[in-house]
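Under the heading GTP binding site, Swiss-Prot lists 41-48, 176-182, 201-205, 270-273, Ala327. The Mg(2+) binding site annotation in Swiss-Prot covers Ser48, Thr182 and is backed by similarity to another entry. Annotated domain 'G-alpha' per Swiss-Prot: 33-355, in sequence order, evidence recorded as sequence analysis. Per Swiss-Prot, N-myristoyl glycine is recorded for Gly2. Positions annotated as S-palmitoyl cysteine by Swiss-Prot, on the basis of sequence analysis: Cys3. Annotated region 'G1 motif' per Swiss-Prot: 36-49, in sequence order, evidence recorded as sequence analysis. The region 'G2 motif' feature in Swiss-Prot is assigned to 174-182; the stated evidence is sequence analysis. Residues annotated as region 'G3 motif' in Swiss-Prot: 197-206. Annotation comment: Swiss-Prot describes 266-273 as region 'G4 motif'. If you look up Swiss-Prot, you'll see 325-330 marked as region 'G5 motif'.
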Amino acid sequence: MGCAMSNAADKEAAERSKKIDKDLRLAGERAAREVKLLLLGAGESGKSTIVKQMKIIHETGYSREECEQYRPVVYSNTIQSLMAIIRAMGQLKIDFRDSSRADDARHFFTLASAADEGELTPELANIMKRLWNESGVQHCRNRSREYQLNDTAAYYLNALDRIARPGYIPTQQDVLRTRVKTTGIVETNFSFKNLNFKLFDVGGQRSERKKWIHCFEGVTAIIFVVALSGYDLVLAEDEEMNRMIESMKLFDSICNNKWFVETSIILFLNKKDLFEQKITKSPLTICFPEYQGSNVYEDSANYIRMKFENLNKRKDQKEIYTHFTCATDTNNIQFVFDAVTDVIIKNNLKDCGLF
């Protein structure tokens, strides 16, 4: 009898042990399929645009209702951009070539101040169109490196006819280009190639960086985003600091941080489209006085790539995976993210001893 009870207890213990092993195996498989990505970079590098692309590429994109919710943001971004240009005309002592536009400018500020936030009335839109087409305004816009202006200014102001129409609903591209400062941490979840991604977008302005630290533990990879086009610009929060130099300092502190010895670093050199337009007019020596190459896209972009990759102090142990990106180009981001995922899968297999 005692023997039978002992056998039953042993059998029960064995079943329990088997279940625990199975649960542990399943938990391990789930953990292996979970990928935590930390999206880092200085302010206005394009991180939030990449998050929006993940929604478009790996989820269902933005519904009609969601796009409608972005209409006030589009209007606000457009109005604020034109305000920034006209204010800069005063600072840079640029006159309106057509003197009647000075009255339009005063009227524009009055109407914009009185309008509800995110509203664009027909009267306001017509004044904005006249101002935007004025040659003094265009001259000031071409000198935008001398003041703070959103990258999307020309995109929206060139589209005034379309966005001012009654019943306007922002397109996916309009939504991608909206600019709202990220504060705190935004988490996005999606699945791709049998992996479950958690993407953390962290505020890039200096005042936000202290909030990053508790995201660090257990991160699979860091995607560090740099605005290539920032090489001739200064920070919004510190007009003595060049944006590219600030990005390099931040990258150095992340890449060589003791917490990230085992963490894959993926470098997105972003806004390559704006950089390509800018580099022929604004030399790279503004940021890197020692640069002796030509001011063409390929040479200049590769020089910046080398400057960042050379900051890696553990080249023998750690590889930087660099990609040139345009965050507003869905096809480009889809292609690059596919390559990034393959690197993550390969590194996961290496960690498991299967590669």
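Just so you know, glycine gets a Cβ as well, placed from its N, Cα and C.
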Tally of helix, strand and coil residues over the region 'G2 motif' (174-182) according to DSSP?
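Tallied per class, the region 'G2 motif' (174-182) gives 3 helix, 0 strand, 6 coil.
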Measuring Cα to Cα, how many Å separate Val180 (GTP binding site) from Ser48 (Mg(2+) binding site)?
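With the alpha carbons as reference points, the distance is 9 Å.
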Near Ser48 (Mg(2+) binding site), which binding-site residues out of Leu176, Val202, Asn270, Ala327 have their CA within 10 Å?
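If one measures from the Cα of Ser48 (Mg(2+) binding site), the binding-site residues that come within 10 Å are Leu176, Val202, Ala327.
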Here's one to test understanding: among the binding-site residues Gly41, Ser45, Leu176, Val202, Ala327, whose C-alpha is closest in space to the C-alpha of Thr182 (Mg(2+) binding site)?
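Going through Gly41, Ser45, Leu176, Val202, Ala327 one by one, the Cα closest to that of Thr182 (Mg(2+) binding site) is Val202.
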Around Ala327 (GTP binding site), how many other C-beta atoms are within 10 angstroms of its C-beta?
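For Ala327 (GTP binding site), the 10 Å Cβ neighbour count is 26.
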Would you please pick out, from the binding-site residues Ser48, Thr182, the one with the fewest other Cβ atoms within 10 Å of its Cβ?
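Thr182, out of the binding-site residues Ser48, Thr182, has the fewest neighbouring Cβ atoms within 10 Å.
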Give the helix, strand or coil assignment DSSP yields for Gly41 (GTP binding site).
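In the DSSP reduction, Gly41 (GTP binding site) maps to coil.
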